[in-house]
Amino acid sequence: MNNEKALRELIKKIADYQKPKPVEYTYNFEKLTLDHEGDLTDDDYKKIVVEQFLKKNYTTTDWSKLANAYSKSATVLSGNNANTYNLTPAAGTSGLNIYTGDKQAGGVTSVGIDSSGDLVVRGWKAGSTDSHAEELIRIKKADLFTPKPKDQTSTPSADDLKKFKEQAKELINRNPKLTDKQKEDYKKQIENATTKEQIQNILKQANDQAGKNNVKPEDIKKKEKEEKEKRENEQKEKDKKEREKKQEEQTTKDKKSANDTIDGLSDLTQDEKDKLKEKLNGKSGDTSKSGAKTPEEVQQIVNEAQARNAARKAIKDELPFLDHGTGAEGKTDTTHADDAALNELLGTKSGKDSTLTDLETALAKTNPAATAEEIKNALDTAKRQNAINEENAKNSGLAKLDALLQQLTDAENGLNETQKEAVKQKVEAAKTAINGAKDTVNKATKPSDIKTAVDGVKIEDALKEINTQVTNAQQNNKQQQENENKDALANEKKEQIARINASNLSDADKQKAIDDINNAKKLGDPTGIADRALKAKKIADALAAIDKLGHLNNAQKQAYKDIINGTAAKNHVDDKGKDTGVDDIDDALANAINTDNAMARLEELKVIADKFAKGDAYKNSNDANKKKAFDGASTAAGAVLDKAKGDPKDADQVNELYKDLLKAMQDLDNTVKGAGVKTDALAAEIDSDKNLKPSETDPKTPGDSVYNTSSKDKKEAFDKALKDAEAALQTANSDNEDAKKPTSTPLTPDQEAQKQKAVDDALDKLIKARLALDGVNTKPLQDEIDKNNKVKNSDKYTYSTKEKQTAFDTALSEANELIKKLTGAADQQAQPGQGTQQPDLSTKEAKQKALDAALKKLQDAAKALDGTKPIEPTPTPSPLPTPGDGTGAGTDNTGSGNAGSGNAGSGNAGSGSEAGYGVNDNAPTIVDKGELNIQIDSAETDSKPGNAGAGNANAGSATGAQGGAGTSSGSGMGTGTAGAANAGVDNKAVNNAVENAPEVKQADAAVKQAAATLDEALAQAKRVAADPHATQAQVDAAAVKLADARKALADAQANAAKVRAAVRSRVIKGMRSRGNAGVAAGADVATAGLMATMIAAIGGAFVTRRMRAMHANRD
């Protein structure tokens, strides 16, 4: 129930809301006071009342149209549902809009006097459904006028009588039945009347006479028409005179105001004020200088005055960053200080700025004088140049302050925390002064303020304090400081040399980079040298690419080359510190390409401009300023296009020259078209870059490995940039085609610049996205894999040792796996921290490092394969042994020429800090030579007869490789001669066959080479041990080198023993004989020799591990 009630109330509210709201009628009316006897029964008086109501409540452009519209019944305002007389409700009224056929809106249709004498406004109320007009407003007769009592004598004022006479004359004029002569007669009578009653009587007489005149209807119409035209012409003339009068009054008023304005412009010269006033007020006696005639002319003079005043003020106060040409030494002008400061900050010579000259020229121009617009344009140009110079001057000042701050920071960074605390007060004071000077520079309003701020910063006290700390520290512990510096630099050198060695640079380039790194004198230089060396090809390619940019002038090419040659070649990082893959080289090359594109576009426009200069539009123009602007823009374009002398302007500056030149041409001829949007560079980049991506449908287009091995986000960024570039190219090509159509509207410089910018931005993003790809070129590794897949079928693989075969197989498998990981073919791509077996592939440098390492490992493993197919020896018949021959001492089996002679047992010392290469910055200044001395002693002990290696690795002595582990022939593991003799084999023949085998000779040569290397390492180690000035890094390096040499010799000896054993076994099997037992014994002896040598190698490895552990503990 309640819901139904609420619903009904809601419906009622909606219905009430939708009902038209009652209109409130507000109007203006003043009660009339009649000065004659009688009431409103006369049409003329009805007309007066209706006319007053209309004129007080409406406005229209021509009241004369209503002159014949008044009738006894009503004045119809809305004929045929239209606003017949274009009446508009006056301000302060409401509800009086004229009806135009919309009953929903309502409106007024007529105003009249009804039979009772009341004024009635009729029409339709808003939302009316009646078929006849309704009464909207009624003003009672009593409220319309106050009639004059019949017995009252009127004594009107002179003004009232005059006004009444004018009204009466107007009535006479409008009476179409009176002749012209009668009208003139009655109007004279009216003029001579002295009372309203007399005038009324004259009007009555005139009306009576009109009734008596026999006038045809057509004559009346004709007369009415003539009268109407006459009145309209009179009204127009009256309006014209009124306008001229108002204009003259306004001009006089404006002139007075203009004179005051000119007097108040304090920066105008008196001469300028006098000339402006003469132009404003005219010159007495000179008809050619009559002064301003209209408010518009007055305003033009005021505009010129204000423009001149603004220019004068700007020259005096607002353009301090424009060179006035007074900066040279010895000048005393008030602008000298600012000009000199500006020249110093911008690195320019003293010379007046051209925009300042142009502004002064505009102010001095006569016959005719420059217009306000011309002065304003010259001032705006000067202000723009002033703003440019201001920004450049401030940047220069800030750069000088930054350099001081960097100098101070660099000096402070060389201190330890204690020293920093000691100099903190003066350093902070200096930094505060620098920051304060920066604030002053940013707020500076003139060049001298900037120079004063920069020159006022003194850091000498802080630097002196820092140097004192450094000097004191050097005096207190000079040797320690030197060692620490050397160690830090040595560490950096080692790290960067390791980067160089791990790279794919040629041996010559590696050596040059290493030499440069070794010659570096300060921290940071080795890293910079390595960075540039690793990007040497990229730098060379970029420089070559710039040389091929055919539109750049020499200075532009050199500028971009200088950027590339001067860069540290380090990659940029984003806000989160992540490597973006883009460096200064990439930026410089992208900017150079964009500038080349802009220069090509300017070249094309210059050709158009040169042709334009010979055409009619230029020659026939009388506008000297526009021609001058064109000449200047054309000259500026030609200057930068001069290959030999052109300035090094960038793409934005070149595009500005293009805009200026096109604008200058279009100012002279608005049909001129520019060169269009230049798309060559973008199209070429797109065509090239599309080949980087693999085709989804064409297997012949596998894509470039640099793209295929890039990370997902880099590829996605590249794909988007390529797609956007293709869209931009399509749009630009379409725009260019449209522009070529004869009927097309020429693009303005700004429109064309906007379209060109879209192309340039797309090109820039695409180039940088391509350069940011963090993939690597896998072709060298893939070629090596393809080549080494065939190696397994070769003799050098088949007959190599199992160890070398395994090393090759591992390297080949790892190379294949790396290719899969790089290209995403593996299940997952390894990232840092996934395990020690997973290479770091998180950055381009890491990928390249892994690629280079895999390639080197595979190449080294392939190179190490040294197997050769053995040649089966032809057995030599030997006589049967004599009984007892095998019981001798076996002097032929004392191990002559066998493996194991020399030193064994040194392990692989590894690389990096774990093997002694690392230099601990916190290590004590006393150099630890303990490990080096141990290595020297061990090496010398190894060289003694009977010692196969230091550190419990005694094996493989000269007499122990064959025939037993000791030196006693015929004892121990067997009497080799007797065993061989009992087997029916000539032991001497076996030895000869073994020693003459190529693989044995090769193994012995390796032993000899390893021994020579050991001798050299031992000699160097002894020199370092004896040098009191040797650094810890030198000591560690010598120890590691010696340990490596011992290990290498032990490996060579072990390999030689293994080869001998294998060859001996093969030879004995080939000799058919009866001494099987002796053969077996001989084989056992060989095996024992091999085991002894291997034990020696194990001992060397133990020494290396001990050395690593010691360094780890020390670090």
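Cβ coordinates come from backbone N, Cα and C, glycine included.
Curation does not apply to TrEMBL; its annotations are automatic.
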Range annotated as region 'Disordered' - as stated in TrEMBL, picked from 327-360, 939-972: 939-972
Intrachain neighbours beyond the region 'Disordered' (688-713), with Cβ under 8 angstroms and 6 or more residues off its ends: 719, 722, 725, 766, 770, 773-779, 782, 822-824, 847
For the compositional bias 'Polar residues' (191-212), the number of residues DSSP places in helix, strand and coil: 19 helix, 0 strand, 3 coil
Residues from the same chain, set at least six apart from the ends of the compositional bias 'Basic and acidic residues' (270-281), whose C-beta lies under 8 A from its own: 255, 258-259, 262-263, 289, 291-292, 298, 301, 304-305, 308, 369
Per-state residue totals over the compositional bias 'Basic and acidic residues' (270-281) - DSSP helix, strand, coil: 12 helix, 0 strand, 0 coil
Secondary structure content of the compositional bias 'Basic and acidic residues' (159-190), with strand meaning DSSP E or B: 27 helix, 0 strand, 5 coil
Helix-strand-coil residue split for the region 'Disordered' (731-758), DSSP-based: 20 helix, 0 strand, 8 coil
Overall pLDDT of the coiled coil (372-499), taken as the mean: 87
